[in-house]
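Going by TrEMBL, these are the annotated features:
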type    : residues                                                                 : note
BINDING : ALA18, GLU37, CYS48, ALA49, ALA51, ARG98, VAL122, ASP278, GLY290, ILE291 : FAD binding site
DOMAIN  : 175-245                                                                  : domain 'Digeranylgeranylglycerophospholipid reductase catalytic'
Amino acid sequence: MKALNDSYDVVVVGAGPAGSMASYNASKNGAKTLLIEKSQEIGTPVRCAEAVPRLEDFGINPDPSFVKSYIRGGYLIAPNGKKIVVKGGKTDGYVVERKVFDKFLAIRSGQAGTQIAVKSRVTKIEKTDDGYNVFVNYLGDEYIVKSKIVIAADGVESNIAEYAGLKTKKNPKEICSCAEYEMTNVKLLNNEMMEFYFGDICPKGYIWLFPKGDTVNVGIGVIDSKKRAIDYLDEFLTHPLVEGRLDNAVPVEFKVGGDPVGGPIKKTVADNIMVVGDAAGHVSPLTGGGIGLSMDCGLMAGDVAAQSIRAENYSEEFLDLYEKKWKEKYYKLLMNDLKYKNILQKLSDDELNAIANSIPENLEEVDVGKLAIKIVAKAPSLLRHFKELL
Ligand SMILES: Cc1cc2nc3c(=O)[nH]c(=O)nc-3n(C[C@H](O)[C@H](O)[C@H](O)COP(=O)(O)OP(=O)(O)OC[C@H]3O[C@@H](n4cnc5c(N)ncnc54)[C@H](O)[C@@H]3O)c2cc1C
């Protein structure tokens, strides 16, 4: 087993989708890159409902080794059972086996030239004149490696960039508590459609059923709730909204995790360091989806890291190019989703039912701004929630 070198151009902390894509692009563009992952097996433990956008848009072939289901859209289901069908466009995608998918992304990065250290935890980083000393517990031994650039892709519990003064710690009230059973013998409404349930059954969040080949991910995310996420989930399994469809369901896996839905952190770069993925709040506050964003922002971080190595300029001013790139593409979307989430969290079951009754039953996309006009026209009492969107 190859030991760690003394120095690298780029050290990436965390081999989730953000870290594997960042290290892939850094290596592909010529930077000597090390990817460090604390788990002994990349992709585990899984804390995810495993829905990903069209992988072809990332130049990735949707290989059957990790693609478990094709997704063509979803049902948004109101407390009264009214279904809104959203189909086509951005709703196309896949449900993957993340244990395999995350490892696939890491393998792809390794094949581009990245050195990978698994079962290796970064314990701290320390600024030097020309970069960072990265302290790593590598397979039980302590190492210090030098790096010109560190990319913190260490997920929702991120603390690595805090050593550089970047504020990555999340407010617990903005972390969605999630619980999920992967179950077999579930009768879905449609094997290519996701199901989303809203209302008092899942305070300030939603319940999802995602098709995954022979199984279904049945999960919940709640915020600031009186009971634990799993208690709400267990109640849902016998709820009239899914009457009879989960009676014979058998769990084959149970997952828990926190999803940061408070929006992006203020600053994602400083001298010699960038932050990406969940660590940076690259997650839709409305849906909790972060895989596609993490992958894309990871590519941007890796690209800018390689450019900075070529230019021999690792300053915050240079790395700011990364922040500009991701903000240009995603900032408005993330901030709009934050606004929509804040509205959704305030709606009562009656109001959710009124909304479902006032919008078309079939949608090509969810354009909340346009829908708000229809909603308020049919249910004027909801104006107080939607007025800032009109
Ligand atoms: C229950 C649940 C369901 C979800 N469902 C979906 C979904 O269906 N679709 C979707 O798009 N998103 C979903 N998400 C969000 C999605 O999982 C994340 O947005 C995505 O994984 C972020 O990728 P990442 O690479 O930033 O972080 P992660 O995937 O969390 O990877 C971070 C990695 O860093 C490692 N690490 C952390 N600290 C260190 C350290 N000090 N040293 C070394 N390694 C370290 C961790 O072990 C981990 O492997 C869900 C989240 C939850 C909690």
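Glycine too: its Cβ is placed from the backbone N, Cα and C atoms.
Here the features listed in TrEMBL are painted onto the structure.
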{"residue": "ALA18", "record": "FAD binding site", "DSSP (3 states)": "helix"}
{"residue": "CYS48", "record": "FAD binding site", "DSSP (3 states)": "coil"}
{"residue": "VAL122", "record": "FAD binding site", "DSSP (3 states)": "strand"}
{"residue": "GLY290", "record": "FAD binding site", "DSSP (3 states)": "coil"}
Under 8 Å by Cβ from GLY290 (FAD binding site), counting only residues of that chain that are 6 or more apart: ASP259, PRO260, GLY277, ASP278, HIS282, VAL283, SER284
Which listed residue (ALA18, CYS48, ALA51, VAL122) has most other Cβ within 10 Å, given these are binding-site residues: ALA18
Predicted model, mean pLDDT over the domain 'Digeranylgeranylglycerophospholipid reductase catalytic' (175-245): 96
Residues of the domain 'Digeranylgeranylglycerophospholipid reductase catalytic' (175-245) by DSSP state, where helix covers H, G and I: 11 helix, 30 strand, 30 coil
